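K.L.:
The structure is given below, and queries will be raised subsequently.
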Amino acid sequence: MTIPAPAVADHSGTPAPKDPETPETVGRSPGQLMWLRFRRDRTGMASAAIVLFFLMVAALAPVISTIYGKDPYTLYGQDVPGLLNEYGYPVLPNGGISSEFWFGIEPNLGRDVFMQLVYGIRTSLLIAAAATVLVTAIGIVMGIVAGYAGGRTDYAIGRLIDITLSFPATLFIIAFMPVVENIFVSPDEETPVWLRAVTLIIMLTAFQWAGIARILRGQVLSLREREFVEAARVTGASPARIVFKELLPNLWTPILIQATLLLPALVTAEAALSFLGVGMIEPIPDWGRMFLRGTQVYQNDITYLMFPGIALVIFVIAFNLLGDSVRDAFDPKIKR
Amino acid sequence: MLRFLTRRTLGAVITLVIISAVTFFLFFAVPADPARLACGKVCPPELLAQARHNLGLDQPLFAQFTAWLAGIFAGRDYGGLGHCPAPCLGYSFVNQAPVFETILDRLPVTVSLTIGAAVVFLTFGVATGIVAALNQGRPLDKIVSVSSLIGFSLQIYFVGTLALYFLVYQNQILARPQYRPFTEDPLAWAAGLVLPWVVLSIIFTANYTRMTRSTMVEQLGEDYVRTARAKGMTGRSVTLRFALRGTLTTVVTIFGVDLGALIGGAIITETTFGLQGLGRLSINAVTDSDLPVLMATVLVAAGAIIVFNIIVDALYAFIDPRVRLS
């Protein structure tokens, strides 16, 4: 059961001077109400458009590559003489930006920066999205189980959450990467890309689920005592029914808000790990790796750092704004 | 209060032992032989075995862990290497020094970085948050909200590197970040750290502004604030004595989390600015497979997070008289 939504959606207070023959009182579902409120929020719509743009670029990366006529792997600067000088830096000013290389050329290797950036979104978003889904799923299960079961189960999960949150996560992930490589990869082999990606996703998940689980546990604790849950229990509803039909529908709001805020946090976390040298590896295009390279060459070629930097800032701002708007649309009572 | 502290300290110790154990057993999967490092390049097998024995590496894993644990409280004897006094965190052959000394050596860098930045972002963040809340909906509020959103979305490795480029290398406005002990020359200490402080503050202030603003707005609508107003208290004392006090709980919570995380190792900040604090130490320990140093940095980092957590919970009771410690 969802808490019933008020039948009148328009609470702006102005009496509607509409045609008296068409009655305006229409029943609307909470989802419809949320969508109505969201559509009125101009900041929310704008940030949603930007987020959508990033997603489209990620999805259409091969198409963009075909139209643009370049790929993220070819070492243009090394193949074509005259693009890089003898120190490996672009000959043209501003990182070698030209009509042919829109965002310039990567120092030394001479790859196309625009293509690196476009394909880089894919890597960063895929890893962050996979981790977000896993974190949310584990967080939901742990939070609901702890909150609903109570007693010893709650105590055990609570301590597990405490310990997870006390782990120095970044340090631990950095330290753990070589361990994984030692276990799964023999010294004379190169680490496969999928192994790095999977390890990153698992490690990010392992340290992030606790936050969302703690929030949901608190929500379930208070919902559990509400009348409608009690009514369901009295009428003999099974625990599964109470969890799925009574509790979960009321938890979607905090879950969705947390997930929207989690994704940009994970994108930056992945970028930070790559910046520290334990994220994605060559030759996979990745924003974090671009940061790492950018901070190595910034004294001679600051332009190379600017593109991933600005792109990430725009992406994170848009996603945070979107998160705020989603929260406002779901829960107009929250004052911000 | 005493009961609360005892219970939480006990819990903290247990958590730390669990975290150490997880770290210890995981990292034994890395084949790095400290005995070989101890013995030197040309090492006859008998000497290697002797070094292994002295370091306790011929013991079963679990015994090694308990020996490490006992060393922290009772000190430890390394045959041939001498005695390692009470808070003994092991001996690093990469640094050729007891780990505890290395930690003590690097800790001031990280603490200086953290404290300097914390002073700036706490005062500035709370102040802008209050100003925004009191001017809710006005242009000033909008400006503060927009700039804090941007600050919130910035990354240290991007902004820090930009600042290094424009302020240090291009225009020489600031000196290259470096650490000079406060006791030697307070001015040089501040001058060397001012850039990291500013960059850290830009990013951290935003969160405090946002949190202070939203909690303050909520607090200003509370019944007790209305009662205070109805009693005829002036606007300023209502704001400062009632609304701000309620806001402090939120601020203290995130401040505790941030301080714990920063002291435990501002890894990214230290990497960006090339400062040799605990964060850099831990990264180097990973690169060199230096298990004793890594264990120590994990322990210090987790310890910092936990200790600040306890302090925050204890502070709640002082700030909010409705909270009872249990």
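For all residues, glycine too, the Cβ spot is worked out from N, Cα and C.
Any TrEMBL annotation is an automated prediction that lacks curation.
Feature list, courtesy of TrEMBL:
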type     : residues  : note
DOMAIN   : A:121-323 : domain 'ABC transmembrane type-1'
REGION   : A:1-28    : region 'Disordered'
TRANSMEM : A:44-68   : transmembrane segment
TRANSMEM : A:125-148 : transmembrane segment
TRANSMEM : A:160-181 : transmembrane segment
TRANSMEM : A:193-216 : transmembrane segment
TRANSMEM : A:255-282 : transmembrane segment
TRANSMEM : A:302-323 : transmembrane segment
K.L.:
Are there residues at least six beyond either end of the transmembrane segment (A:302-323) with Cβ under 8 Å to its Cβ atoms? List them, or say none.
P.N.:
43-44, 46-48, 50-51, 54, 94-97, 103-104, 106-107, 113, 117, 120-121, 257, 260-261, 263-264, 267-268, 271, 287, 290-291, 293-295
K.L.:
I need to check the long-range neighbours of the transmembrane segment (A:255-282): which residues 6 or more away from its ends have a CB within less than 8 Å of a CB in the stretch?
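P.N.:
Residues 123-125, 127-129, 131-132, 135-136, 139-140, 170, 173-174, 177, 191, 193, 196-197, 200, 204, 208, 211-212, 215-216, 288-289, 291-292, 295, 312, 315-316, 319-320, 322-323, 326-327, 330.
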K.L.:
Under a Cβ pair cut-off of under 8 Å, which of the recorded stretches A:44-68, A:160-181, A:193-216 contacts the transmembrane segment (A:125-148) most often?
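P.N.:
The listed stretch sharing the most Cβ pairs with the transmembrane segment (A:125-148) is A:193-216.
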